[in-house]
Every structure is written in C-alpha cells, then in structure tokens.
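Annotated features, as they stand in Swiss-Prot:
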type: BINDING; residues: G152, G153, A154, G155, V156, G157, K158, T159; note: ATP binding site
Amino acid sequence: MSTGTVVQVIGAVVDVEFPQDAVPQVYDALKITGEGSCNGLVLEVQQQLGGGVVRTIAMGTSDGLRRGLEVVNSGSPISVPVGTATLGRIMNVLGEPIDEAGAIGEEERYVIHRSAPSYEDQSNTTELLETGIKVIDLVCPFAKGGKVGLFGGAGVGKTVNMMELINNIAKAHSGLSVFAGVGERTREGNDFYYEMKDSGVLDKVAMVYGQMNEPPGNRLRVALTGLTMAEKFRDEGRDVLLFVDNIYRYTLAGTEVSALLGRMPSAVGYQPTLAEEMGVLQERITSTKTGSITSVQAVYVPADDLTDPSPATTFAHLDATVVLSRQIASLGIYPAVDPLDSTSRQLDPLVVGQEHYDVANGVQTVLQRYKELKDIIAILGMDELSDDDKMTVSRARKIERFLSQPFHVAEVFTGSPGKYVSLKDTIRGFKGILSGEFDHIPEQAFYMVGSIDEAVEKANKKK
C-alpha cells in the first residue's frame with residue numbers, strides 16, 4: 001500500500017506523484033485520504049508519465065480537490081460486488097448502493113477489468129429468444145446468448161423498446177437481468193426502477209447507473225461494472241440478460257477521457273482507440289459452455305447518420321440490429337422499427353424454419369415494392385397502377401399497420417393494454433395478409449392490435 005500526493009488537477013484528470021519504487025500500474029484504483037469533501041474519492045490510473053507521476057481519471061466529482069492531498073494505492077483495479085446480493089439494488093460505478101437501502105452485503109467482489117473468455121470456453125448456440133414483439137420476432141429474431149443493438153436517433157423510442165423487452169423477457173424467460181444505465185437521464189433510471197417494482201421482477205434485476213450528470217470516468221466504466229456482475233451470474237451457470245442504455249454514451253465518455261488525457265482525436269473527433277475500447281467491452285459480452293449472456297444495447301445515432309464512426313463500430317459486434325426510423329414514428333406506427341433496415345443472422349431457414357423465413361421474406365418484398373411505388377403514387381395517383389400493384393399497396397399498408405403493437409410499458413401514454421404476441425400467432429397473421437385471406441378487412445383494423453384475431457374482431461365491431 002504505497003502513498004503518493006496530488007500534484008496537478010485539471011477537471012477530471014488528476015496527476016499523482018508516488019515514490020519511484022512504488023508506482024501504481026495502469027488501471028489500479030487509488031483513493032484520496034485526508035480531510036475535506038474529497039475524502040474517499042477513487043481515481044483510476046490511465047497513464048504513467050515517468051518520474052513516479054501517474055495520470056488518473058476521477059471516478060466522481062473533483063470539486064474541492066487540491067494539490068498536496070494524500071493518495072493511497074489499493075494495489076488492484078476497481079472491484080465491485082457480485083452475486084445474488086446485487087439483485088433488486090441500484091449501485092454506482094464503484095458498486096456502492098445509491099438506493100438508500102443499506103449495505104449490499106456481498107460475499108464476493110470482482111475487479112471490473114477482466115479478460116474475455118478464451119475460444120475454447122465460448123459456445124455457439126442458435127436457440128431463438130421469443131420477445132412477444134411482432135416486428136422483432138418476424139424480421140430480426142433474437143438468439144439466446146446473442147447481441148442485439150437498438151439503433152435510433154433522439155426520441156424514436158429506444159428506451160421504451162428496451163423497457164418492453166425487459167418486461168416481456170424478464171417475465172416470460174424468468175431469468176436474471178443486469179441493467180447498466182450509461183450516461184442516460186436520471187428520470188429514465190427512476191422510471192425503470194418503479195416499472196420493475198410494479199411488475200414484480202425487481203428481485204431479478206441488478207441496476208448500475210452512471211448517469212448524464214456524472215463525470216466522464218464514471219460513464220466510461222459503468223458499462224464494465226454492469227458487465228462484471230452479469231459475468232458472475234453467467235459463470236454460475238445461469239442465463240443472464242444484460243441491458244445497456246446507451247452504448248453511444250460509453251463511446252462519448254471515452255472521447256471525453258481521451259481529450260482530457262491529451263490524445264490526438266481521429267475521425268469526427270472520436271478517440272483514436274474507439275475500435276479497441278468497443279472491442280474490450282463487446283468481446284466480454286459472450287456466452288460460454290457454463291451459461292449465456294444475451295445482451296440488448298441501445299445505440300443512439302447522432303443526427304440519424306448510421307455511418308457515424310460510433311454506431312458503425314458497434315454494428316460489427318452485433319448478431320441482430322433493430323433500426324428505429326423517424327419516418328415510421330412520424331406515421332404514428334410504434335414500435336417504429338424499420339423492417340427493411342433491421343437485420344438478424346438468425347433469419348435463416350436452417351435456424352428459424354422455412355415457413356418463418358418465407359413469411360419474413362414475403363413481408364419485406366411487399367414493403368420494398370410499396371416503397372418503390374410511392375413515387376409513382378405521389379405523382380400520378382393510385383388509379384394509374386396496375387391491379388397487381390394496387391393489391392400490393394393495399395396489403396403493404398395493412399402489413400405496415402399490423403407491425404404496430406401496444407406496449408405494456410406505454411399503457412399510461414396510449415391508454416390501450418399491452419399485448420404479448422407469440423411467434424406462432426405472428427407468423428399466422430402475416431401469412432394470412434400475404435395470401436390475401438384478409439383482403440376484405442379495412443387497413444384501420446390492423447393498427448395497434450396484438451394478434452390477427454383482434455384485427456378481425458375490431459373490423460367486425462366497426463361494421
């Protein structure tokens with residue numbers, strides 16, 4: 001346990017001098033001791049500058065920090081509580097409780113910097129995970145133990161979609177979940193807590209928050225804290241769900257830290273180590289022969305530009321991508337998932353079966369044709385189309401509306417009860433629309449319903 005002193009403070013970056021023979025290693029956690037508001041503040045070593053000086057990032061506010069304060073080296077990276085004691089609790093990046101419900105009472109702590117499982121230990125299964133959301137189950141099905149990205153600009157429903165997935169999967173799958181709130185709004189974290197409490201699944205969720213108002217160090221490391229807790233459950237042989245909201249803020253925190261450390265920025269001002277930082281996190285989110293981690297990550301898309309380096313780097317790591325479109329949201333169709341832009345490696349006849357594959361393909365073909373015809377309709381009107389094209393447009397409009405669905409977590413806003421639709425019902429409904437079985441039903445009947453039976457019932461009521 002060597003001690004050093006603070007020699008320079010620049011915002012969240014703190015330089016600490018140690019004796020030459022006891023310099024801390026990179027990623028070691030240091031603790032400020034002594035009087036004042038900064039007592040107990042944790043610093044993480046980022047660089048060794050030579051001459052016994054290390055450059056660190058503060059894991060908390062550096063207000064009141066001054067030169068000359070004593071710093072103690074813990075001799076190991078930041079460690080956080082793991083295991084069942086974390087369930088139902090809200091913690092910060094250091095694993096300290098922030099829900100005013102007393103100590104965590106953990107039996108074990110893990111360090112947050114760990115290596116990814118080796119090739120031999122990783123497993124590759126293709127078991128499907130039913131979400132109960134029609135558009136996702138049909139067009140971009142999730143794999144158990146896979147990685148899913150929810151891509152979308154500001155305000156198109158990433159968090160609501162994620163909350164619905166947690167609600168549906170946590171109830172149906174009754175597994176354990178870890179939720180990492182990375183640089184998001186505190187209000188959303190609060191909503192999430194009460195949502196879980198009301199639906200009775202709070203005792204199955206561990207929550208780790210490093211929100212928007214916190215220093216960049218917290219936001220950069222909080223995803224690793226959540227992941228470490230998920231890894232412990234996986235290593236115990238459980239199937240765990242990891243939700244990260246929002247992975248873009250993780251990148252952004254890395255950009256801030258990189259700039260504070262004086263590194264030269266790369267494309268669009270991002271850190272030069274963007275791909276490596278993303279890889280360090282994503283490579284650890286994997287399933288082993290003992291247990292699985294299924295992860296759902298919300299990805300904010302700056303200015304709706306999917307070619308921005310941050311979302312583009314994230315794409316490479318995912319098995320399924322759910323793209324939320326502002327255009328679809330503006331039509332009032334929620335969830336605003338773009339069925340032509342969303343993809344999944346699982347959408348393969350060998351995995352999902354021939355029927356599912358054909359129906360999904362048919363839906364995409366009809367919607368693509370409708371997209372091409374929109375220009376003609378805008379210029380010449382519907383009357384100029386051939387009978388086949390008129391039928392395609394009619395079915396496409398029904399499919400578009402049938403892709404909408406009332407959510408459980410949005411009941412307060414929509415006023416209509418949420419619906420969980422099984423994969424069997426989803427395929428049956430879309431297959432019927434494609435085959436012309438429901439050509440006699442008006443398109444309004446397909447809007448905001450669960451299964452196809454509800455659409456038929458709605459149409460009969462309107463008669």
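Including glycine, each Cβ sits where the backbone N, Cα and C put it.
Around G157 (ATP binding site), the C-beta neighbours below 8 angstroms that are at least 6 residues distant in the chain are L324, A329, Y334, P335, A336. Neighbour list (T159 (ATP binding site), Cβ cut-off 8 Å, at least 6 residues apart, same chain): E184, E188, D245, A298. Neighbour counts were taken at the CB atom with a 10 A radius for the binding-site residues G152, G153; the maximum falls on G152.
In the three-state DSSP classification, T159 (ATP binding site) falls within a helix. The C-beta environment of A154 (ATP binding site), restricted to residues of the same chain at least 6 apart in sequence and closer than 8 Å, consists of Y300.
Secondary structure at G152 (ATP binding site), as computed by DSSP, is strand. Long-range C-beta contacts of G155 (ATP binding site), restricted to its own chain and to partners at least six residues apart, with a cutoff below 8 Å, comprise A329. Cβ environment of V156 (ATP binding site): L324, S325, R326, A329, A336 lie under 8 Å away, each six or more residues apart in the same chain.
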